[in-house]
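One structure is given here, and the rest of the page talks about it.
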Amino acid sequence: MQNVGFIGWRGMVGSVLMDRMVQENDFANINPIFFTTSQAGQKAPVFAGKDAGELKNAFDIEELKKLDIIVTCQGGDYTNEVYPKLKATGWNGYWIDAASALRMEKDAIIVLDPVNQHVISEGLKNGIKTFVGGNCTVSLMLMAIGGLFEKDLVEWVSVATYQAASGAGAKNMRELLSQMGELEASVKAELANPASSILEIERKVTAKMREDSFPTDNFGAPLAGSLIPWIDKLLESGQTKEEWKGYAETNKILGLSDNPIPVDGLCVRIGALRCHSQAFTIKLKK
């Protein structure tokens, strides 16, 4: 039975993964070992009745070297720190990652098996050991219109995405809820009075959003009652990195990096917890 290490299993993505693995009875076929960045030595969680002993230190390269497979949902900073150190030891196990840090590496494959199973299978034959989850909106787009790409019918795509707080992580989801709570509290009395002016309510809400004390540490701006047409950092091209991913990751997933299809658009963060939405304009070849 293979030793499989899990890092970042308590976060938003990790929690969903654990639930799914329990549903699919995946723990029956592995020896799970759980790692932590802050609570090493404490009791490990029990999934599907399997006692995994104590939590291991997620930065302990010697412990990580013992694993056949590593599944990490810890984020890009962790990957950037640990992955090169682990590979430098000669470790030759499988690294499966939800973060974006390794997506565009030459020896990594972005996994979207309903669309690029042929790329995954070829990579396994060629000894690829690093597999990375794709960008959320890129994956959704290809699940929706992947058949058009497969039939070589697409000349270009323009996409507008409307992305929930969950795409930025659990801390951002909490911040959105905190923002919602503060806005509601600021006009609680007015909302209880049907005769109160909606314009006055709106003015008070806007004033609250502009206060220095309003919680924006994670998003950098109010999201509750608003939206943010900017996700990730600015690139030299003038795109945000999230917009660039639509082009770069789409073509890598499809194995088209040498003859890429243009993909561009606008990515907007909206005040929803987990619901993403997209709108496409597609030019077809026929």
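Every residue number used here counts from 1 along the chain in the order it is shown.
Keep in mind that glycine also has a Cβ here, set from the backbone N, Cα and C atoms.
The record from Swiss-Prot ties Gln163, Glu242 to substrate, and of the options Arg210, Arg269 it ties Arg269 to that site too. In sequence order, Thr137, Thr161, Gly167, Ala168, Ile228, Trp230, Ile231, Asp232, Cys267, Val268 are the residues of the same chain, not among Gln163, Glu242, Arg269, whose CB sits within 8 A of the CB centroid for the substrate site. Calculated from their C-alpha atoms, the gap between Arg269 (substrate binding site) and Gly167 (NADP(+) binding site) amounts to 9 Å. Rounded to the nearest whole angstrom, the C-alpha distance between His276 (active site, proton acceptor) and Gln163 (substrate binding site) is 5.
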